[in-house]
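In what follows, a single structure is set out as structure tokens and then discussed.
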Amino acid sequence: MSKIRIYEYAKQNNLASKDVINFLKTENVEVSNHMSAISDEVVKKLDNKFKAKPENAKKGQNQKQSNNQQQNRQKQNQKNQSKPNKNKKQKGPKKNQQQERPAAKPAETPGKITYHGTLTVQDLAGKLNKEPAELIKKLMFLGVMATKNQDIDDDAIELICGEYDVEVEKEIILEDTDLDKYIEEDAEENLQERPAVVTIMGHVDHGKTTLLDSIRHTKVTAGEAGGITQHIGAYQVENDGKKITFLDTPGHAAFTSMRSRGAQVTDIAILVVAADDGVMPQTVEAINHAKAAEVPIIVAVNKMDKEGANPDRVMQELTEHQLIPEDWGGNTIFVNLSAIKNEGIDDLLEMILLVSEVEELKANPNAKAFGSVIDAQLDKGRGSVATLLVQNGTLHVGDPLVVGSTFGKVRAMVNDLGNRVTEVGPSTPVEITGLHGVPQAGDQFLVFKDEKKARQIGEAREQKQIDENRGTQSTVSLDDLFEQIKQGEMKELNIIVKADVQGSVEALAASLQKIEVEGVNVKIIHTGVGAITESDIILASASKAIVIGFNVRPDVNAKNAAESEKVDLRLHRVIYNAIEEIESAMKGLLDPEYQEKVIGQAEVREIFKVSRIGTIAGSYVTDGKITRDAGVRLIRDGVVLYEGELQALKRFKDDVKEVQTNYECGITISNFNDIKEGDTIEAFVMEEIERK
């Protein structure tokens, strides 16, 4: 039987909820209020206490009722004979109800239900063996008003099932082009231990490359002449008889671009931090990328051979990013090493093996091969060449496979040592040829039994991608933010904050996190000081985030990446404006307004100081055009120093209205003379735009 609440029991037995609660407390039954649920055993205790007296009272009442019935029976006898059906209808149901109540057992509530699409209240009631009215009542308690034929959302279904301690699972119907549909689940007994896949990340000059080289040259499989003869973006080393696979990804951008395509190839991230330098901006960036991928982090404190090495300082700085050493009560492993002197390399490899053992990394080597693309290119002699990482199963020469939106048959395989191989197992990188097209890094691949099926699915996936590219890309933009919130598509708004100084970053991030509209929270996934970079844009694209710049500008690569990835870039000079814009967008209050459009950039190549005029910047227009009526800002090292108006724009000695790309000009900025060679002057106009 299902549990009932105290107020329901009290109502059924004409009792006060308070009396029931007081009695249960004397019996040491923990209840908080009239809404508390009680078990069958507790119900029996209550019956023994409260039902004895009512039954005696009922006997007296029944006797009086029976006497009255006998007196009236003779009077009603004629009516009963003349109208038998009517009386049967009246008495029948009451009699049946009294007889059937103890006999009829309610259907048991299932332990688990599954569904796909949506459910109406009536459908859910049928699955739970409950009355729709009972579910409608519970939905009302949850603040959801619904009729029995009305669809209810997934959250409401989960809450209702939670009330009955029923596990709920939503079935996802896969399309024929989804590779997940063809991946078979492996039985536990078929799984075997596999090597860990490790990515090394960190600041640009903290010794990532040196560490990779040290591991590569000291731990290459013994007996291989010439060591690594070919670099394929990944390699394996052996330590204590166990293999470890290292991915040589070119920076954090590639790491995240792979993740954005659904590839979760990394098992462990190694964060390299220089002992003499501490945590740097790219270190923080690497931490955020690794956390977003939800992989364990091992901190490698490098350059311990230097005089200024201070590992304690590194530990202290990393605690601010929730990486707390084991010695300080945390769960992050720290390894001190010197990559250039090959000191501590064995300790690092030992820790990697320890973490991989804890993570229980397993795969089925006998399954059809499945994995991800590490890198791919078009070679003049060999055609399409792709570096694959086998994540499950074994890949053989001659296997037909689908890779991303292309397909083919494995013609040849070369391992990380440059040797031709005929088969490779789980967690092994290999370079293959034989594909019809060039896949992208992060694409998934799967081996099929026959080439015809692989071709059919590969062509269908290619057509699907073409159709998707014609449509709009699913990204987050302030323009349609309110619409997404209204449709329930968003519960969290991801934001990346970049500013000119750390104080501004912290102030802006703190203010943005306080905004909450319609149950949508603001989540700051990355902050940093300095110009907006391409890496920021790729992280934003992978995480569906908006980038906010305060007193900083995007570099050329970042600007191009933002356009191609359709990432929303918002640049501000007043913190309040940034906060107001986000809050207004979330509330759906963005009215048509003016938006800045950058029309050109000029590089300052020479400075002329004239007493009556001020500083004249001899400039060369590198992009777009500079117009006389445009607003300008002076940028130095990616940071905006001044924003104002042009005082004069000249070509030789003549005043001009505009100067095009690849032409020189003289620029004077109103009320500003602190101009230096190498500065960038950016021209912009304000255009009226209408919010969609």
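Just so you know, the numbers here start at 1 and follow the chain as drawn.
Every residue, even glycine, has its Cβ placed from backbone N, Cα and C.
Within the listed segments 186-193, 202-209, 458-465, Swiss-Prot records region 'G1' for the stretch 202-209. Listed as Cβ neighbours of the region 'G1' (202-209) (distance under 8 Å, sequence separation of 6 or more from its ends, same chain) are residues 270-274, 277, 280-283, 286, 300, 302-303, 339-340. Mean pLDDT across the region 'G3' (248-251) comes to 59 in this model.
Non-local contacts of GLY202 (GTP binding site) by the CB criterion (under 8 A, 6+ apart in sequence, same chain) comprise LYS208, ILE270, LEU271, VAL272, VAL273, GLN282, THR283, ALA286, ALA300. Counting only same-chain residues at least 6 apart in sequence, those with a Cβ under 8 Å from the Cβ of ASP205 (GTP binding site) are ALA274, ASP277. Sequence-distant contacts of MET304 (GTP binding site), defined as residues of its own chain at least six apart whose C-beta falls under 8 angstroms from its C-beta, comprise ALA275, PRO311, ASN336, LEU337, SER338, GLU343, GLY344.
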